[in-house]
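Undergrad: Handing you a structure now.
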């Protein structure tokens, strides 16, 4: 705590602490162990190949090393129908053929999928191929492995779904065969043809295939775009890195210059606002005077009523009079605020300058966000991989499909023993086909619970990593503030010391704060999911209630983040538990609410100005460079497919770099501000309770340390 008598060796309250919120620490450790167990179980049962590789009707992967189908692509037979019905992974379709008894067959099972060595490259129907040995030999490449008898009647082959009714020129995409649709001079063509034989003796227009291949074309165009973007990155990556380095240097220079220019920038901004409002008042008065005597300008707003053309209002004197009054009120309010808050603005500027000095003494703090970013990447990678393995943990489920009446229809079956079972004896036309991925075990029943736990732990651990970064930075900057002789009384490695204190003493408190925030975030995700599911619902009251809940929990999340941030600063300073720190921080800020508001707006303006300056200048430089508009380096810039690719990358990267630097700076300002408020409330400048604030702040507040050397 705070010393009762001044001791030259005392280095502030940050070193007097013990372990806090031990129960939450134990709970976090248990949850992490459980999370590891869930990951191991998921990795044991899951198979990511189900996401990457398509499967045939037996559930076997296409194009997977070490399988019977290596290296192959997927061809899908569509259900028999009187019309061509393109599917998402479509190449061939069955027209419906009359059976020997006359009426059409009942609905067929899911489309038959087989793995083939390559996609079809020509139009062909089975009926035409049946009479030609060479064509039939080519056609056999796209039939099921059960097709052995080439002399079997075509109607029987198509009825048993051993071969597709027709083939269409296709291209492989994501190991699936899609119609090779192309446009030549505005004409849609497939394989250089505008029509095709549907296998039933009728010619159809290829435009009927567009709907089935629309998504395939989007994916194909996206792949082509991605390849061009990748080419641009390969020839411009080093220039992008140079641009990001320039952004990093500019961010560092801006933070250093804030020590000298913060006051100038703030006061220039204030003067500019006053001048702009003054010009607005002058302009409104001139427009008001100019309309005097003009016809129709004296009509009142109430008589005119509402008009969709807003320009009508600009021809009324009353409109400009209203603007004039509003701007005059704003001008007076701002001037009065400046008169009464000038001292608080000076304090805010002084704290910003002090923060620049603190960052200068702890330069390693500017690189610490990289550590936080690395840990967040680990959390994201573990969550994503666990989610993929959990979602692919289902087993292949096979069901009995048939076209005639069968008591076993829809029941599960095993392909290995199906041909020797009673099903084939009672239902000769029955087939055991792959239906979907699922499972009947307890593990499969609780997969949704494990996915929910995975999401919850991701939020908890991600918030814990962010909290650890905030406490570490706060502890480092607090050691600067509570050093009586700056920087002589600071520890040798303040950042590493603060990191060690946070892990050793306050893991439980960080787990507590991040747990509360994670619960709120999971509730928000659940509400978003419900909102997505209820989009098609007609219940307006439910939608309204859901919107209100989403708004409330959004506000609650923002408040908890604000409270947690300041609670972590108090934890770094005094080492108290989370609840005590949150309560003390909240009431401390409420007792100084005006100072909080002024400092918040001043820092927001400076950070906005800094980000705008850095991102704008680097972005403009990148634009002129990559568009060959700088004559000195015109021949150096690489040729590009899309010049906006490196420009956008540099702009986004510059913003992230500036945001990372300013997040450290913002944490420094907030920490020094809370230390400053604590210093004012707990100390009085006497020999027993000297002020720890810098000499500039003491001069600004007209405070002195009696009988003690200046900091």
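Going from the start of the chain as shown, residues are counted 1 onward.
Positions of Cβ are set from backbone N, Cα and C atoms, glycine also.
What TrEMBL shows for this protein is this:
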- 21-43: transmembrane segment (TRANSMEM)
- 237-257: transmembrane segment (TRANSMEM)
- 264-282: transmembrane segment (TRANSMEM)
- 320-341: transmembrane segment (TRANSMEM)
- 362-384: transmembrane segment (TRANSMEM)
- 457-482: transmembrane segment (TRANSMEM)
- 503-523: transmembrane segment (TRANSMEM)
- 567-590: transmembrane segment (TRANSMEM)
- 602-626: transmembrane segment (TRANSMEM)
- 642-662: transmembrane segment (TRANSMEM)
Undergrad: Which bits of the chain, at least 6 residues beyond where the transmembrane segment (567-590) starts or stops, bring a Cβ under 8 A of a Cβ in it?
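TA: Apart from its flanks, the transmembrane segment (567-590) reaches 1, 12-14, 16-18, 20-21, 24, 467, 470-472, 474-475, 478, 482, 498, 501-502, 505-506, 508-510, 512-513, 596, 670-671, 674-675, 677-678, 681.
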Undergrad: May I ask for the residues of the chain that lie six or more residues beyond the transmembrane segment (602-626) and have a Cβ under 8 Å from a Cβ within it?
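TA: Contacts with the transmembrane segment (602-626): 236, 239, 243, 246-247, 250-251, 254-255, 258, 262, 265-266, 269, 345, 348-349, 352, 633, 637-638, 640, 643, 646-647, 650-651, 654-655, 657-659, 662, 665-666, 669.
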Undergrad: Have the transmembrane segment (21-43) and the transmembrane segment (320-341) got at least three CB pairs under 8 Å, pairs 6 or more apart in sequence?
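TA: When sequence-distant Cβ pairs are counted, the transmembrane segment (320-341) does not touch the transmembrane segment (21-43), since fewer than 3 lie under 8 Å.
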Undergrad: Same chain only, please: residues at least 6 beyond the ends of the transmembrane segment (362-384) with a C-beta under 8 Å from a C-beta of the stretch. Say none if there are none.
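TA: Distant contacts of the transmembrane segment (362-384): 39, 252, 255, 454-455, 457-458, 461-462, 465-466, 468-469, 472-473, 476-477, 480, 494-495, 660-661, 663-664, 668.
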Undergrad: At a C-beta cut-off of under 8 Å, are there same-chain residues at least 6 beyond the transmembrane segment (503-523) that contact it? List them, or none.
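TA: Distant Cβ neighbours of the transmembrane segment (503-523) are 17-28, 455-456, 459-461, 463-464, 466-468, 471, 553, 556-557, 560-561, 564, 567-568, 571, 575, 577-579, 581-582.
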Undergrad: Are there residues at least 6 beyond the ends of the transmembrane segment (642-662) whose Cβ is under 8 Å from a Cβ of it, and what are they?
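TA: Residues 228-229, 232-233, 236, 239-240, 243-244, 247-248, 250-252, 255, 366, 369, 373, 607, 610-611, 614-615, 618-619, 622-623, 626-627.
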Undergrad: Residues of the same chain, at least six outside the transmembrane segment (237-257), with any C-beta under 8 angstroms of its C-beta?
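TA: Sequence-distant neighbours of the transmembrane segment (237-257): 356, 359-360, 366, 610, 613-615, 617-618, 621-622, 625-626, 637-638, 646, 649-650, 653-654, 657-658, 661-662, 665.
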Undergrad: Going along the chain, which residues at least six beyond the ends of the transmembrane segment (320-341) come within the CB cut-off of under 8 Å?
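TA: Counting only partners 6 or more residues beyond its ends, the transmembrane segment (320-341) has Cβ contacts under 8 Å with 270, 273-274, 277-278, 280-281, 284-285, 287-288, 291, 301, 314, 594, 598.
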